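Per Swiss-Prot, the features are:
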- 1-13: compositional bias 'Basic and acidic residues' (COMPBIAS)
- 1-148: region 'Disordered' (REGION)
- 21-70: compositional bias 'Basic and acidic residues' (COMPBIAS)
- 71-83: compositional bias 'Polar residues' (COMPBIAS)
- 125-143: compositional bias 'Polar residues' (COMPBIAS)
- 189-208: region 'Disordered' (REGION)
- 195-208: compositional bias 'Basic and acidic residues' (COMPBIAS)
- 224-244: transmembrane segment (TRANSMEM)
- 286-297: compositional bias 'Polar residues' (COMPBIAS)
- 286-308: region 'Disordered' (REGION)
- 298-308: compositional bias 'Basic and acidic residues' (COMPBIAS)
- H331: active site, charge relay system (ACT_SITE)
- D361: active site, charge relay system (ACT_SITE)
- S447: active site, charge relay system (ACT_SITE)
- 485-561: domain 'PDZ' (DOMAIN)
Amino acid sequence: MANDKKHVIPREKYGRKRREYFHNEEREQRVQMERKARKQRAEKAEKLAKNNEERVKENLRKARIEKLTQEEIQQQQAMATKRNSSNSESEFEPSEDNALNHVSKQQPEEVSPTSDIAKDDVEVASTTNETNGYLKTNEISNDSDIDVNASTNKDRLHDDYFYSEEAQQSRVNQYIEEDNSDKVHNNIARNHKSGQTDDKSDQHRHSDQPTLIDKVKYFFKEHWAKVLIVLAVILLIVLINAIFNNVDHNGNTKDNIFQSSDNANKEKTYTDTMKSANSAIHSIVTVENDTSNNSSSAEKETQEAGKENELGSGVVYKKVGDSIFIMTNAHVVGDKKEQKITYGNNDTSIGKVIGTDKFSDIAVVKTKIKSGSDVKSIKMGDSSTLVLGEPIIVVGNPLGVDFKGSVSEGIVSGLNRHVPVDIDKDNQYDVLMSAFQMDAPVNPGNSGGGVIDKNGKLIGIASLKIDMDHVEGIAFAIPVNDAESIAKQLEAKGEVKYPNTGIKIANVKDMDEATHQSLNLPEEVNKGVVIGDVKDNSLGEKSGLQKNDVIVELDGKEVEDNLRYRQIIFSHKDDLDTLPAKIYRDGKEQDIKIKLK
């Protein structure tokens, strides 16, 4: 190749990239910083525009409210003036044509502001168009320049104009004019309707106000969360109330944590048994014929087991001033004339035995009590109306004052029972006691206690029970009708007089065969009493009874033995009637009358 020729490397053999010769790291950094600055300015401009827009809207809202208030006041004043003018014109009876003309004249005057507003809109629009044209021209000229500084000047120019007072004022005026145009049209229509009649204008004015439904909707829309909270609280209260009011009364929820003891006491239902027991305990006292204070009541009852009872209960059947009359068992009192009475809150006094009746096992004791004591007389019932299975309670002091006021429950197990009693403890029965049977538990110390019905009335005096192996729940009480009658006699006379026929008798069933044959009794006669001796001038002799007579029937009742004979005779102690009897004399049956007086 010649030396004078230029050495040229073919383009296809040129291996390096051309831009590597023109790479300027400082320029690249400057470009990135300018881009970042433009982005920040754009974000700032957007944020400022948003704030200005919100500020403009707030100003518009305030302007609207103020203008609405002024317009409303002006409207009401105008309507009041119109009503006054219409009332004055109605005296001259103006025609409908004049009224219509009057309305038509007013309408152009009211429409004129709309035309002015339209003109302003045109001016604003033209100004806006000119401004937009100016912006477009600048944008075209700026787009033609590829330099970075030119684009930056374009953004700055746009921001300066957008946030200029002229542009902001133009936008405010545009919003206000749009709002005014709508209100002017609404006022024209409202005034046109109000010019027809006063009633229609009133209805239109009321229609502008929010209705009750709108208020309710607005309230729920604004306060729906509070409403839900209130409803939830009410529902919770209702549920808790239902839990307390539906407690199981069968005892299954006794330990429920939601049930307090106070509520349980308030909700407790008193049964007839509970009422009777709480009333009767104030009429029950403890009777002891041992007035010493060396040992407890329980020890006395235990030590004297097998001996004459020294401790029992009593029922206050009468109260006169500070004195009380106590009905108890004769076997509790014994032969002593004084008894230790414990009543109320372990108060004691010494009572005097007014009288005892060993055949009926009834005794009466009188004593005085302290003032203010809660002891009261018990209500008397009627034992003749007892029904088998009737519920009863026994109130007494088993083992004395240590367990005073004890209550046991049961039913009437049997009526008209004849219970043999050994009075003198010689292992020979002396009398048949008329009693009713019950299954309520009766313990030592319950003797003389009260048997109470469901109404809290005294129907019997607990007297004895069958104490045998393999025998449970068989106790007996003296009917209150019999006990009260005996008590009144003891209170009045100190004793009870029984009729005495003056005859000595023995049981037919206890005779041997030879004696049975000597009396010439029929073989089928194996019950009754045979007369062994008749006292002179006795009721038996006056009645015509003789030795070896066999009495098999008395007062229409079969006579099984001497206990039954004595029971029938004693049952007529009050009336002393003459009783019909059937006897066998020399093997022949005869009827006879036995006198009791």
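Backbone N, Cα and C define each Cβ position, glycine as well.
In the three-state DSSP scheme, S447 (active site, charge relay system) is classed as coil.
Regional average pLDDT for the domain 'PDZ' (485-561) in the model is 90. Using DSSP to sort the residues of the domain 'PDZ' (485-561) gives these counts of helix, strand and coil: 23 helix, 18 strand, 36 coil. In this structure, H331 (active site, charge relay system) is part of a helix by DSSP. Of the listed active-site residues, namely H331, D361, the sparsest Cβ surroundings within 10 Å are found at H331. Here D361 (active site, charge relay system) is positioned 10 angstrom away from S447 (active site, charge relay system), judged by their C-alpha atoms. H331 (active site, charge relay system) sits 6 Å from D361 (active site, charge relay system), counting Cα to Cα.
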